[in-house]
């Protein structure tokens, strides 16, 4: 008798867990049907309650010069040809012996170029030795 109760208890628990989402979904549908949000999202576009933001001056004295300078830089960057070895990810250009091959930023070291055969990038001097 008690062994049948012990077997029945997990089965009833599993059935209850399966039915809980179904019961909760019906309560959510009822909550979604309430008309409390209808006044916020009305179908009629009424812009009288909206404030108009103040317009900033577009023609500030230094702004025109800055825009022109940025446009010149963009033109130069667009016309600049990127070598094939820089386009390929994971490859860096070759540098000469004694040339700076890395940059240190805090505890990190960034590789600028590959050292030629027979030399390696010294992590203290950051040069090909």
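Note: Cβ is positioned from N, Cα and C throughout, glycine not excepted.
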Write down the residue from 42, 48, 123 that Swiss-Prot flags as phosphoserine.
48
Disulfide-bonded residues compared (101, 113, 128) - highest count of Cβ atoms within 10 Å:
101
Three-state secondary structure of residue 121 (disulfide bond) from DSSP?
strand
Looking at Cβ-Cβ distances, which residues of the chain lie under 8 angstroms from residue 121 (disulfide bond) while being 6 or more apart from it?
101, 102, 111, 115, 127, 128, 129
